[in-house]
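Asker: After the structure tokens below, expect a handful of questions from me.
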Amino acid sequence: MLLQTESRLLPLSKDPGLFQPALHALLRWEGRQVRVLSTWQSARIVYHVHEECPCSWSRKSNTALQHGVFLDDGRLYMSIYGLGNIVEAPRAKIDADDRAAMYDATGVSSLTYYKPAEIDTQNYRGGKKNIWNQNASTFSFVVCFPVSPVAHAVAADSGQRNQKHIVIMPASKLGRTLAKAVGIDVDYRKEPRESMRTAAESIRSLEHFDEDEPSAKEWLRNHSPTVKGTVDYFNSLFPFWNWIFHYNTQWLMGDIIAGVTVGFVVVPQGMAYALLARLPPEYGLYTSFVGFILYWAFATSKDITIGTVAVMSTIVGNIVTKVQAKEPDISAPTIARALSLIAGGFLLFIGLTRLGWIVEFIPLVAITSFMTGAAISIGVGQIPAMMGLKEVNNRESTYKVFINVLKNLGHTRLDAAMGLSALVVLYVIRFFCNYMSQRQPNRRKMWFFISTLRMTFVILLYTMISWLVNRHVKDYKKAKFKILGPVPKGFQHAGVPEIEARLVKAFAPDLPATIIVLIIEHIAISKSFGRINNYVINPSQELVAMGFTNLFGPFLGAYPATGSFSRTAIKSKAGVRTPLAGIFTAVIVLLALYALTSVFFYIPLASLSGLIIHAVGDLITPPNVVYQFWEVSPLEVFIFFGGVLLTIFTEIENGIYLTIAASAALLIYRIAKAKGTFLGQVKVYRVTKDDSLKKSDKFGEDAKLNSREAFLPVEHQDGSNPLIEAQSPHPGVFIYRFNEGFTYPNEGRYLHHLTEYIFKVTRRTQLDTFAKLGDRPWNDPGPGRGEVVNVHDTRPILRAIILDFSSVNHVDVSSIQGLIDVRNQLDRYAAPEIVEWHFACISNRWTKRALASAGFGYPSPKSPELLGNWRPIFSVAAVGAEEVVNDKPGTSHRANASSNPTAPSDDLEIGQAPSSEDGEYEDEKAHTQVITTPINSSSHPLPRRVGNVHSINRPFFHIDIQAAVESTLLNIETRTASAKNSSAPSVTKGFVE
């Protein structure tokens, strides 16, 4: 539906040289949006109109004729046309009479000034922002109000003062009719007009702020892709563009040293880990080469290295064993390459869609438990190869392998000499280098490089020994101990991976474990070294890097690869400067593939097994770290050991499943079983060192210390001093804090705890009376036989509830409905008294919208007593960055009383409620006195520009608990004073059998 209407109005000025041409208004209807474009010379302003206007108004005030335009975004636009000599810009002063007339006609509660167009500087006189015209000056600006949905546009001819209405017939009228027919209340917010007028009058001299409620359209607009966002997205896929053009020779030297150092380590490790995957050793070199040559272009971490790792290789080996048991005709390399291709595709999808945040659901305890269990399993699984025990199957469960090793120690072969001695030499070198680096701090770098190259040194040493023993052997199977055998030169297995449906179906059950292990190893390591070296990684982009590596690696013969902890630590300590160091590591691997394959023939397998045991030993979580876990969260320590034991007694994959599931269950349990906290008010004093030096036996009697109000748990669950008693700010007023959010899993427990405590410490305003025994509800048995109701109960009645939302970010339908039910329950419990609901520290606009839709945040129109005796109180603050937020004692203020001559003195939040030391409360009939300070007083002068912090139409949403308490006490005082001459609520005796 498209409706276009153009209305030509008469000129706004009699001066032909001023404000020409005439004002034009173009109204365009597009679906539910109407834009009113008003052209005034070269200036333009756009209004948004959605709904039908219930009314418009105009009022003559002095020399100005005012006309209003209601809009559905919660604002009233009012044009004021002045007919005098000078009209001030950019704002106009509207007195209380004008405001009252506005409210009577429209229900307007507050105003904000907007300037629709800048006036040409030629119309300024003397540099002042005044518009001067000898004949008749005319100036238009806009005043904005929070009001009901409307859609009338009113224009005025300033020469004839005749109103010309341009009425928009909204297409949503049919929608409203249909909504009403099915029982949908579109205008569900029912703020009482009288209370909003009271709020507007209370701070009439201040700059008002009215918060716009969020909408679905706004949410879609904020989450819709933009051109800039799209460009940033594609730029983020290649992070190297941010640093490659700043590359320099100093970075180059650091990268070369680190890359070559890692290259010497990765060659023996790659071949050893390939054996764990039940693949020929050259596949480990292929995997390492692809990881180093591809990762740097997509990396957000300069330290991590992608390639073969012990845990992933073991999982690949287990998958190869399972698949070959079902499909024996499929080779191990085919299985491994297909697995890498499928897993890489999933990782690339997760990264490109920027779903890296799912990694945060894998907790640290699950990662450490999995790594510890896997390291133990891998280490025990390498003992048979290191000892030359052919009788032991290292693919069984870890505990079975260990038992079988003990049973078959008598079958140890010559391989044990090559394996055990290599393992001992590796540990001796590391211990000696660490010791010397402490003794010789100035040579710490040298000892680090010696320690780093120990694996390469040991492999070369034992390869030379093997060559001396087996140099005349042509068939590697006839060697005196197991050796590696022939390694093809170059990329002999490059090609398109073979993917068959039966192959994918065979390893599909193990695919989730593969993806999880790839993710957690890489992200955990990269995050850790990012914190160490002061940079932040992008998890989604890291998944993109891993996805590309595992997706394209199989074309060169690679199997699944992820981040390596040991090589990353070496690379970081070697002084790497950028991710480009991976290129130099790839060069070393490439040289090994083409120049050293003949040397690899004599590498002892037992020595490689010793190298693997030595490498995975660093993955075991130290006891001190486990003890720290116990100090932080004892329950998670049980999850840790549960995952380790399950890995040892079953398979590696089961350990990661258990720890993640158990951690998720613990999180849900903590959320569902969350228990709120009742807070009490205490006065705390700040004591400095100078104050403590003045301490005496009567310290505190004459000392003048800074103090403030604080709120502590009534039952001291936070560990605060139990001798300090936190009391309610007023009898019958309760402050309740949600500790673990407020959503459907825990709303029932929260609200049950709230009502149970209130029923325990308060009394009903009126006891239920029943003429007959059968009239009593089944769930209210009443007093026992012969029991007399205590009509002199001294417990207070329920007055108000203050909810602390500081830990609440989102609410849902269940939690809001729960609040509504509790409110209705407590209204019946406290009737005919009124229970106020105040909310503090709400940080989410959608949460405010949800609460307001349920009738919270403002006085209820169902409570006329409250509306009649309600006194609003607002938190205000300086508007503009030039104001000083925290003024120190003795600092001169920029503004004083003259800045706000008409400001009220009793409705701004700058006073404090007295504590128990200022005067004892009587029973609930006692008047609570709120001490307020006028805003123009010397002790609390306001800045020049002051506005309310939160929206004026939500007076029960407060900036903090103290503000909520002050508002509550002021309303209780007002109602108590008005009911002073009335009789107290009667309490009658209930039915007794």
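Cβ coordinates are placed from backbone N, Cα and C, and glycine is handled just like the others.
Pulled these features from TrEMBL for this protein:
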{"type": "TRANSMEM", "residues": "256-276", "note": "transmembrane segment"}
{"type": "TRANSMEM", "residues": "283-298", "note": "transmembrane segment"}
{"type": "TRANSMEM", "residues": "335-355", "note": "transmembrane segment"}
{"type": "TRANSMEM", "residues": "361-380", "note": "transmembrane segment"}
{"type": "TRANSMEM", "residues": "416-437", "note": "transmembrane segment"}
{"type": "TRANSMEM", "residues": "449-469", "note": "transmembrane segment"}
{"type": "TRANSMEM", "residues": "574-595", "note": "transmembrane segment"}
{"type": "TRANSMEM", "residues": "632-649", "note": "transmembrane segment"}
{"type": "TRANSMEM", "residues": "655-672", "note": "transmembrane segment"}
{"type": "DOMAIN", "residues": "723-856", "note": "domain 'STAS'"}
{"type": "REGION", "residues": "887-927", "note": "region 'Disordered'"}
{"type": "COMPBIAS", "residues": "893-903", "note": "compositional bias 'Polar residues'"}
Asker: Could you tell me whether the transmembrane segment (361-380) and the transmembrane segment (632-649) are in contact, taking contact to mean 3+ Cβ pairs under 8 Å with a sequence separation of 6 or more?
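Answerer: Between the transmembrane segment (361-380) and the transmembrane segment (632-649), which are separate recorded stretches, there is contact, as judged by 3 or more close Cβ pairs.
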Asker: Do the transmembrane segment (283-298) and the transmembrane segment (574-595) share at least 3 Cβ pairs under 8 Å, sequence separation 6 or more?
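Answerer: Taking Cβ pairs at least 6 residues apart, the transmembrane segment (574-595) and the transmembrane segment (283-298) are in contact, with 3 or more under 8 Å.
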Asker: Considering only Cβ pairs within less than 8 angstroms, which of the stretches 256-276, 335-355, 449-469, 655-672 has the most against the transmembrane segment (574-595)?
Answerer: 256-276
Asker: What counts of helix, strand and coil residues does DSSP assign across the domain 'STAS' (723-856)?
Answerer: 45 helix, 16 strand, 73 coil
Asker: For the transmembrane segment (655-672) against the transmembrane segment (416-437), do we get 3 or more Cβ-Cβ pairs below 8 Å once near-sequence pairs (under 6 apart) are dropped?
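Answerer: No; fewer than 3 Cβ pairs under 8 Å.
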Asker: What mean pLDDT score does the domain 'STAS' (723-856) have in the model?
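Answerer: Across the domain 'STAS' (723-856), the average pLDDT comes out at 86.
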Asker: Hey, which bits of the same chain come close to the transmembrane segment (449-469), Cβ under 8 Å, at least six residues off its ends?
Answerer: 261, 264-265, 267-269, 418, 422, 425-426, 429-430, 433-434, 437, 479-481, 483, 570, 573-574, 599-600, 602-604, 607-608, 610-611, 614-615
Asker: Report, as numbers and ranges, which residues of the same chain sit near the transmembrane segment (416-437): CB under 8 Å and 6 or more residues beyond its ends.
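Answerer: Cβ under 8 Å, 6 or more out: 385-388, 443-444, 447-448, 450-451, 454-455, 457-458, 461-462, 465-466, 481, 604, 606-607, 609-611, 613-614.
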